[in-house]
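Taking it in order: structure first as structure tokens, then the write-up.
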Amino acid sequence: MHIHNYEKIWLAASVLLILLLLGSVTYGAVGPGVAMVSDSEQAIDAGGLDDDDRFSEPRVEQVGENEYEAYVVAYQFGFQPDPIVVPENSTVTFYVTSRDVIHGFEVAGTNANTMVVPGEVSKITVETDDRQEYGLICNEYCGAGHHVMEGKVNVVSQAEFDDRNDGGNGE
Amino acid sequence: MSEAIEAEQTFADKFPEEARIVRAALLGSFLALTLGAIFGIIQTLHRTGVFRGFISSTDYYTSLTAHGVFLALSFTTFFLVGLFTWAVVRSLDRPLLNTKITWTWYGLMAAGMTMTGVSILAGFVDSIDMSADVLFTFYAPLQAHPMFYAGLAVFIVGSWIAGADYFRTWLAWKRDNPDERIPLQTFMVLTTMAMWYIASSAVAASVLIFLLPWSLGLIDQVNPTLTRTLFWFFGHPVVYFWLMPAYLLWYTVLPKIAGGRLFSDPLARVVFVLFLLLSTPVGIHHQYLDPGIAEGFKFISMTNTMFLLLPSLLTAFTVVASVEYGARQRGGSGLLGWLTDLPWRKPEFTGMMLAGLMFAAGGFSGMVNAGMNINYMIHNTIWVPGHFHLTVGTAVALTFMAATYWLWPQITNKPFYSRTIGLVQVVVWFIGMALMSNAMHAQGIMGVPRRTAEPEYSGFEYATMFGGFEELNIQIAIGGTLLFVSTVLFIGNLVLTMGNPKISGLADPLPPALSGPDDSPKVLDNLRLWVGIALTLVVLAYALPLAAIISRGGLLGPGVGTYPVWLSPLVDALANAATLLSAVVDASASLAEVVR
Amino acid sequence: MGQNETAHAPTDDASGETEEFDPIGTLTLIAIYFVILVLSWVYIYYIEFLGRDLVVVG
């Protein structure tokens, strides 16, 4: 079969391009350490969230020095807790699940973005920088009130975070 | 040579019955295009906040479902079966075996799409207890009326019979021509339909085993990740199902219109084989951000997806080279000077070239979509519809409309009402889509979500990047309006064309390729082999993920409800009846005991 | 219309002009496309994506 030389050049360039794309994604995973939301969490009973340790009371909890976990429930049409308040310059792991249908969890304008599927728990860990208020939106169609489903993720100073949690249950 | 006689005979002269079928399919397709465009303009103005008076924000999702189903499924598929019928009959130069079968599949597809369409449109009428506001992807546990799913199943079965029709016609030809290579257009049709059988089997299974029984109340719940995965098993190859007829036109018709001929027949075959092999084992790239699917499976899917770029990149070269050949035949010269020697006044040429140019841009945003971890940035943002309005919304849709200017006279013996309006139409489409799609991509990078009636929120403002949010909204609204105007021009021109008298002399035969089929290895025509490899790749890509999904959530899902329950009154009535019945049974049993 | 392209293939081979054509214009256009693709990718991946807040690291 006859292939013109120019076409061979283009074929080689195309393969090179594909390798560049795959290489970039691999670099992102290995260098800056971007990890995919995955199957690391157990499946969960979407109808039984009220009896679940993490999701019966959606909240942010300190789990180590400068490490926090946020247990978030998405439902038609909102997020709990709202706002989600986390301290600056900390490592925060979001555990997000749905009470009803498929939702999205997107901290607008950032890379924190995941699907939220009933029966599954999405786990994503991020590092916060300075104080900032982010919008939190559902980016998957979830029913007639989809467009009003929003929340906030507020990154606050350590002092403000501690203040808020004072008088709480002191976890 | 019989050239002189052939030049006088159009497809309609030679195959009147088949021409009638092609016309019927194309008209079905254009009806869907008209409906889809009406919802499109309503949505553009609503979403951008320019005018929200047509529908409420709740009904926006009914409109969006209709827009997606009518355009992505109905417009594309009806055009495709019409085009494929033309391509098979033309390239084999023989009629279909039995047009009763042909009309059967056409009837099934039309009936199925009508059922689905009615179930969607009923959502606008409050007094009818029926709706299907589940969008084109119908993710459970959102539930549509059973007729939505049943219609889809009937539609898909119709398309399967269409495929069988093409295969049977080819087999009959093969018996008469045992030593001939499969003509290129037929080869393209057969590989596309083979891919379609593999891909659509998953969505058919999802609908028939899970979603339809569930919507009828026969099963209580489904596993949302499983039905979602089965959808995307079908949902990515379906984009190639739309695209491959456009490729068929670019490979076999565009070079002729440009004044030349196809550069390489063997490479065209290689490209279609690659699509058959690689289109399906990639669907998980739509689920990069799904929980419950291991990162490894996502990586494998990405690798397959990236290699799926190859056939498109090869196509870019082959098609442009064929056009360049045409330009040089017409006296074109210079490194790029030949570009001015092309028939830019022909709407079919300019339309297809602009479609191809937009596809090149769509190729870039597709690479971003395919790049696993960069998906965090744009997943479910309006970037994604920005992308597929370049691909299916222009590369496919504009190619189909452009091809109509060339094909319609061949299947009707009527010249187009106005080719000037046609030229304006394709250019307006291009400008409209350039505005709309560009602004959608830019908003997507800002994090503006797709699929929402009101993308503005009360709690925060989007950061400004490539222009502010409001400014980009205006671009989207202007672009969408131009697209609607373009559709009106197209449909209006076609309707006026139907009033034209029939004339003769419209035939426009297609030349063979520069490097003909005899130059391509015989193994390329071994469809059994390629289907076998395609199936193996699908099993490799999907067996483990599907097994893992089922073992995690069960076949029928972990405690997931139903939203909304369409048949709740019926189910309640049945439950009451059952209670009553068991009471009667109890009573009669105790009565029996008393009697005893 | 409706002719069978395989039937015509031999006549074309006989013409023997197929080797003459070098699509240099195509090669030029596609090289430009290649450069645009690479530059856009580098921008969107390394600057736009890796440069934003809340990179997911686990």
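One-based numbering along the chain as shown.
Each residue, glycine too, has its Cβ placed from N, Cα and C.
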B:451-473, B:474-496 - the one TrEMBL records as transmembrane segment: B:474-496
Non-local residues, at least 6 beyond the ends, that sit with Cβ under 8 Å of the transmembrane segment (B:306-327): 247, 250-251, 254-255, 257-264, 267-268, 270-272, 274-275, 278-279, 282, 338-339, 341-342, 353, 356, 359-360, 363, 366-367, 370, 514
Top partner of the transmembrane segment (B:231-254) among B:65-89, B:101-125, B:145-167, B:474-496 - counted as Cβ pairs under 8 Å: B:65-89
Non-local residues, at least 6 beyond the ends, that sit with Cβ under 8 Å of the transmembrane segment (B:65-89): 11, 15, 18, 21-26, 28-30, 32-33, 35-36, 39-40, 43, 95-96, 102, 105-106, 109, 113, 116-117, 120-121, 123, 132-136, 155, 159, 162, 165-166, 169-170, 185-186, 188-189, 192-193, 238, 241-242, 245, 248-249, 252, 392-393, 396-397, 400, 403, 407, 410-411
Contact between the transmembrane segment (B:21-45) and the transmembrane segment (B:145-167) (at least 3 Cβ pairs under 8 Å, separation 6+): no
For the transmembrane segment (B:474-496), sequence-distant contacts whose Cβ falls under 8 Å of one of its Cβ atoms, 6 or more beyond its ends: 30, 33-34, 37, 40-41, 43-45, 47-48, 50, 401, 404, 408, 416-418, 421-422, 424-426, 428-429, 431-440, 443, 467
